[in-house]
Structure formats: C-alpha cells, structure tokens
Amino acid sequence: MVIDPVTLSQELISFPSITPTDNGAISFLSDILSQYGFTCHILDFGDDTVTVRNLYAYRGTEEGPNLCFAGHTDVVKTGDLTKWKFDPFSGHIEDDILYGRGAVDMKSAICAFIAAVSRINFNEVPGSISFLISGDEEGDHFQYGTPSVLKWLNENNHKIDYCIIGEPTSKSFLGDTIKVGRRGSVHFKIICNGIQGHVAYPHFAENPIDNMVSILYKICNTTFDTGNEYFQPSNCEIVSVDTGNTSKNVIPDTIVAHINIRYNNIHTAESLFDIINNICAQVTPKYQLLQSVSGEPFFNQPNQYSDMLSSAIKKVTGQDAIASTSGGVSDSRFIKNVCPVIEFGLKNETAHKIDEHVPVKEIYQLADIYTEFIKQFFNLSTT
C-alpha cells in the first residue's frame, strides 16, 4: 500500500515534539516503518537531566550499498500561540496549504521519503534503505541525537554508504538548491577586565569597555578571506556585549562579548582562534578568550549521486538545482565523518516562523523527487 505523504505529515505534525521532548513522534514512525518491513531500533540516549529518543530503521540486504535518509522529529518552540492562524500541532490544511510546526523543518520531508519508500519494490533493491531520525537536532542536547546514533551504528556493525538529509534547502522554489557542504560555526567569548570605580574619578579606575570597543572594532574590520568557488566569505557577527552593570555612576570591572563566525574551508576553528587571540593581545593583556566549536566546514565534490538528485529534481520540477554551502549547521557535520552526505528538502522561507507552512503540492513533488532519486541510486526501473 502506497503512503500519502500529506496525510502522514498531518499525523506526524500532531505530535508536539518540541525539542528535546518526543511525545510519541519516534514511536509513531517506528510503527509505520515496521508495517513496511523495516527493522526498527528505538534508541534512547541522555544523562541525568534529559533523554533523547531516536530511531534507526533499515530494510534490505547487507550485500549492496545502504542509502540512508536522515532527519529529525524535534521542532522549535511555537512562539505566541495567539499569532498562529491555526493550532500549530493540528496539521490543518487551508487552501491546499499545510500549516504546523515542523511542516517545513522537517516533518514533511520525513514523510515524503517514507512515501517514496512505500512505492519501491524491495525485491529489486540491490542493497538497503535506512532511516536515521534524531529526536534533538534543534536544541542543546544534539549530542544525544545523531552523534550518539552514529556511534551505536558503528558499535553494532551497521553501515551507511550514502546519506540524504531532508533539511529545507530550497529557497525561491522547490528544487532550486541542494546542499553539498556546510560552513563551520565557531563561537567566541571575550572577557576584558578592568578596575571598578566611581565615574567621577576615572583616574582611580580602569574601564574595560574602552578595550572591548577597540577589540570589536578591529574584529569587525578584519577581512578573514574573500571566499572561494564553493564558499562565500567567512562572516563574523557580534552576538552580545554586556557588563552586568545596572548602576549609572559606576565604572564596571568586567565586560563580556560574544561573537560568532561562520567560516569556509579556508579556515579552521584553530586558525580563527589565533586571529581573534592576536587582535585581543594587540589591545590589552587583560583579557580571556574562550572558544566553542559547533562544527567545522566541509565540502563534498559533486559526484554521481548528487548528479542523480539533480536529475530527479529536473525530471519532477523541470528546474535546474544549484549546489550550495550556504546556511547554518546541520547534522550533516556529523554524518560527513561516516559517509558522503547531501541535503535536499522543501523551501525554508517559513521554517521556525509563526504559521510555518508548505503547499501540499510541494510535499507530493518532494515525494516524487525522492522516489526518482532512490530508483536512480539503485538503478531501478524509472517507468
């Protein structure tokens, strides 16, 4: 029996799986996939404060290649419910548009791939198809999602040969963009120290704000690079600056700034640390610099599989897709250490927004694209 991807999307959206809470979404998918012959493993990882529920499901033979679809069932918070046209967890359809939290990012893509798989004759598949579904990609406990599942796969001798992630990569229209890599993301915490004092007696104090202003000015006027063929120039943004001082007549003794750099493969987090550290040292010796790396940049050279995906998109939509490395980090930063990975999904315009929505036509088209890609991947009949 072939699955309707829109109906399935409505059902999956109805689970309020706000990260890292699952609320039954993973078990629902496990039940569906089990009905279609998949061996399903529900995997719980976490610590004393949180448990993240994940799913790994597979079907086929171990003798051929494994094509994995990766995604996440967790969604971001809804925001002000009174601003939504419809209940964000109702899966409401109005004027052929599906509304709901996760409609774009990325429950509909999961359902589209499941629908695609339901159309495949597994007797003809010379390999296997799998699903790696994380319960926390959006939140702070992502380490208990995809990274933990990948570790489990390795420990239990499960292989993945190629992975497609259903992140919403499209911009203006479905199929205009596929992601063949991602920029890196590094966060810096800069602390400048001074001497607290009365604003009327600055000679008895040392204002750390002066040094921080100089440091941030130098950072903002630094050209880290000019980009390359596949990546845009690295970009730095000041996220916050704070002294924690609520008094109007006191010079603070400390100021803290947070900056984020999205960087290309010309740099590493280590090389950027050296640049920022050097700038701070030029201004003052009274500083501390702390670094947190969300992911290093990576790039997958175009290959036969990305060509297959482009061909599938062209066949269904008539459009030519471009390969891109723009946007934020995703779970591809973990999966790329295991196998080649590509990302393709719906338009991202309303992701994380009030009234997140997608035309139902595009969900059907996405399922058609995924179906065509699977057939080309395994060299199945495309008639």
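A Cβ is built for glycine as well, from the same backbone N, Cα and C atoms used for every other residue.
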Site co-member for Zn(2+) 2 according to Swiss-Prot, given Asp105, Glu138, out of His352, His357: His352
Candidate from His72, His141, His198 that Swiss-Prot assigns to the same Zn(2+) 1 site as Asp105, Glu167: His72
By Cα-Cα distance, the member of binding-site residues His72, Asp105, Glu167 nearest Glu137 (active site, proton acceptor): His72
Integer Å distance between the CA atoms belonging to Asp74 (active site) and His352 (Zn(2+) 2 binding site): 12
Collapsed DSSP category at Glu167 (Zn(2+) 1 binding site): coil
Neighbourhood of His72 (Zn(2+) 1 binding site), C-beta criterion under 8 angstroms, separation at least six: Met106, Ile133, Ser134, Gly135, Asp136, Glu137, Glu138, Gly145, Thr146, Asp331
Neighbour count (Cβ, 10 Å) for His352 (Zn(2+) 2 binding site): 15
Long-range Cβ environment of Asp105 (Zn(2+) 1 binding site), under 8 Å and at least 6 residues apart: Val75, Val76, Glu167, Pro168, Asn348, Ala351, His352, Glu356
Number of Cβ atoms other than its own within 10 Å, given for Asp74 (active site): 29
